[in-house]
Structure formats: C-alpha cells, structure tokens
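Taken from TrEMBL, the feature motif 'VHIID' covers 230-234. Feature annotation from TrEMBL assigns region 'Leucine repeat II (LRII)' to 282-314. The annotation region 'SAW' is assigned in TrEMBL to 423-501.
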Amino acid sequence: MEVAVEDLMEMVFPGVASICYSSENMDLDYWSLFAGCDDGFHGDYGMACDKEHVGAMAPAPFAGYYDITGTPPILDWSWNITPSSSTTIGSPVQDAVQQAVGEAEVATAGGADDRGLRLVHLLMAAAESLSGTVKSHELARVILARLRQLVAVADGAAASRTVVDRLAANFTEALQGILDGGSWRGVDHHRPGDMLEAFRLLQDLSPYVKFGHFTANQAILEAVNGERRIHIVDYDIMEGLQWAGLMQAMVSRNDGIPPPRLRITAVVGGSGGRRSPVTALETGRRLSAFAASLGLQFSFGQCRLGEEEQFRLAAVKVTKGEAVVLNCVLHPPHLPHRPAASVGSFLAGAATLRARVVTLVEEEKEGEGSGDGDMGFVGRFTEELRRYSAMLDSLEAGFPMEEKARGLVERLIIGPRIAGAVGRAYRQREEGALLEKEVHGWGERMAAAGFGRVRLSVFNLCQARLLLGLFNDGYRVEEVDPNKLVLCWKSCRLFSASVWSVPAEQPPPSSCSADCGLLWV
C-alpha cells in the first residue's frame, strides 16, 4: 500500500509531518520587503494591531492571550542507533549499516516512504561511523556513496522528490564535507543577484525573518516611546532590512508629535560573512535615503570589532539624551553563525551603555534546559536533522508548486546552514571546542547574569499571530515567558524573540572587553 508523504514524515520525524496547503504568492518588490509595508500591520506606531483586532482576538487576562496548551511530544529519534553504539565489526551499528546498505539496493523498487526511511537510517549510520568509540571513515564513505546514489535517483524523478530526499541530499553533503577535511561543495557558482533573490523568496515563503524583526521593532517602539533621540546598536545589520520598517512606524504616528531623531550604529568587521566597513557604509547610505524619503532625521555610524571579534565599547559614541537600544539577531536562516565569545561581549556591554532595552532573536534548540550538557555528535546531528526537516517541510507546505523558488533558497541559504551546523557539532565533539553551548540559549544566560525580562505587550502578541496568519496553518507561536515568543512549525520550535532590561548593577567599563568572553561562555 502506498504511503502518503505526510504519513512518511510522521513515521520518520514524528510531529513534523508534511501537510500541503494552497497559498497565493506574495509578490513583494525590494522596497516593500525593506519597509515591511505590505503586511497589513497598522495602528500604534504602524506596527501593532488595531485595538479592534486585539479586542476580538485577545481575552482580558494577559497570560491567557494564546490558547497554547500542553507541550510538544517527546520524540523517539533513536532508530535503534544510539550515540553510545560502536562501529566495530559485528556491532549493532555495523549490522544495521550492512542491512541498510543492502536494502538500499532495491530502494527504488519501493515507494517514496521506503526510500525515505532508508535515507534517514543511512544518514544516522554515517554520523555514527564518524563519531563512535571506534571510528571508521571508510565505512562512512561507503554509506555516503550509497546515499548519493539514492539522492541522484530522486533527482532524476523531480516530480516525486520529497522533503526527505532534499534533506538527505543536504546532510549527505555536510557529512562529506567533514570527511573532506571541512570543505563543503554544496553551493556552485551563482550570479551576484541570486543571494538577494533567495532572501526575497525566503521572505515570501516563510515568516522566519519577519517574526524576529517585527517582534523586536514593536518592543523597541514601546520602550522608547516619548524619547526625542534614539540610538540603536545593531550586532549584525546585514542589509538593514529590519530598520526600514521601524522608520516607517516612527513617522506613522497620528498624535501630532514629530518623529524622533534616529541613529543606528552597525557592528562591523570580524569574519564569517559579517558586513565589512565598505558594505556597511552602503547599507547606511540606503537607509539614509529611505529615511530622507520619509522625512525622518537619521544618522548612521559603525563600530569595529576588536581582536577575536570582541565588542569594543569605546567605539560606540553615545550622545547625552539618547535612549540606547541593543539589537542582537542571531542565526536566522540568512545570517552566518557568530562566535559565542563575540556575542557575549556585545550583550555584556549593554549595562555599561545603559541600554533602555535589549532585543534578542535566536535559534531555539530542542535540548535547551534539559540539563544534558554533552549530547555527543550523533545527538546534535539528530537535533539538526529534525530542525531542518521542519524548515524544509514548512517551505514546501506553503508553496508546494514553487519548486524552482524553493530550490534556490535551499541551495544558497538552507544548504550552507546545514553544513555549518553539522560541521560545528562535529568539531565540538572532536576538538572539545566551546563553539556555542547547545543546552542553554543566550536568553537563559542573560537571565542568569541579572538581565530583567521585559513583558511583551498585547499588541506585540497580536502582531505575531497576525503575521503567521499570512502563511501556512502549520506555523504557530508559543508564549513561553512574559518576555519571549517562539516561532514553531507544528511541534518543532525554530526561532525565538525576547526582550530584556539591563542588570541593576553596572559592571566596571574595563571588564567588558577583557572578561566578557569568560563571563558569557
């Protein structure tokens, strides 16, 4: 009996089944993306919902705004292959690999469900062979060669290429990169405009970027309400897309008060695809032109990172009377991964700068808060497999017929992110490098360091819900703390946005640049 794709996904990734819905393509040009002006969010500052929407959608008690009950189910991702297994001849893993490879010979004779299950088993076996008690790189090469053959068969029948097929292709290349000494060959040469086009498509296909931007912007607007001078220090400005929407909101007030003067300082320098001073200057010029078109007083500056990508407080010039905001958007699909010590140095400087508020957007990890500080490579590999299966599933569910658009996003954005995540997990296991703590996110570290939780408004909660209403029904938002919203695809948590106030006690200025790495990681 043929098993539907959504049933296969439920067997392989419980709770992350593929369900396709029809949706109209949002034809957004560059500036509507830049300003976020076509999303239908109007009201106070142009960002929050109308009060009529709030009254209709939200009950009076704050805690009861979202009817989110229960918790995501505990998922069994072992497939009888555990991180403690050995890859020696005759071991359970070796037997499983031999069986899986043998069955793969007839994979194309079965349906997509059989092939998908075999692909997942082979991926797990390859990860185990790279990190078991007795590692076998040769065994890993054999498994990856078989995986590439199976993926190639799926590529030849594009009409039947499933989420699991595309997931396996990306993770196979990521594991192959480990075997090849860290090189990754997944992205071929592309035109200069392809990356921007991929980002535009990501905006169309998902709420991943706008969720964090809108939540952070609304919190900033509320925190600096009534201020005449606002200074935002942005840890990773990239193209500056977040701030055009904020500017538009500032000039949309209907109370007769002139909009405030806005200054943005972009953190530049370092490695890993961060804006260079030259490209950041171009971003600043583009933002300045947009602000001028709105009649908003605006200025742009830069702050260079120091050695080892440490944030330098002395490079940020704060004028008397400015309300300072720190904005830290970490690791959405279109941004590279940032070193933990660099992120920590930036957040640690908030108290010294006397920031009015700190906005944080970060990835959510399923293992956070579990107390298990050593998942091992296979455990982390499994976590990333589940996470990216949800992301690919969500993209396909929103636009099932847009194969070319999805392919560009997966090739230029999702694929490199998968390779980076798998590579970091392997290096952490092999080298003992503290690349990024996997158990506790930055929000938990901020709370432990004395940062206060800034309660999100009903407007902000309503806005997040309305945003997800523009996309597929599989998206949902969880209010896990008074100051934190989490974007989910079905049962899988993907990204969170939280708002913080600085600790009551201000640390000595000299301690941030020298000790923040040790303090935060």
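Each Cβ is built from the backbone N, Cα and C atoms, and glycine gets one as well.
Sorting the region 'SAW' (423-501) by DSSP state (H, G, I as helix; E, B as strand; all else coil) yields 28 helix, 25 strand, 26 coil. Shown for the motif 'VHIID' (230-234): DSSP residue counts in helix, strand and coil, namely 0 helix, 5 strand, 0 coil. Across the region 'Leucine repeat II (LRII)' (282-314), the model assigns an average pLDDT of 94.
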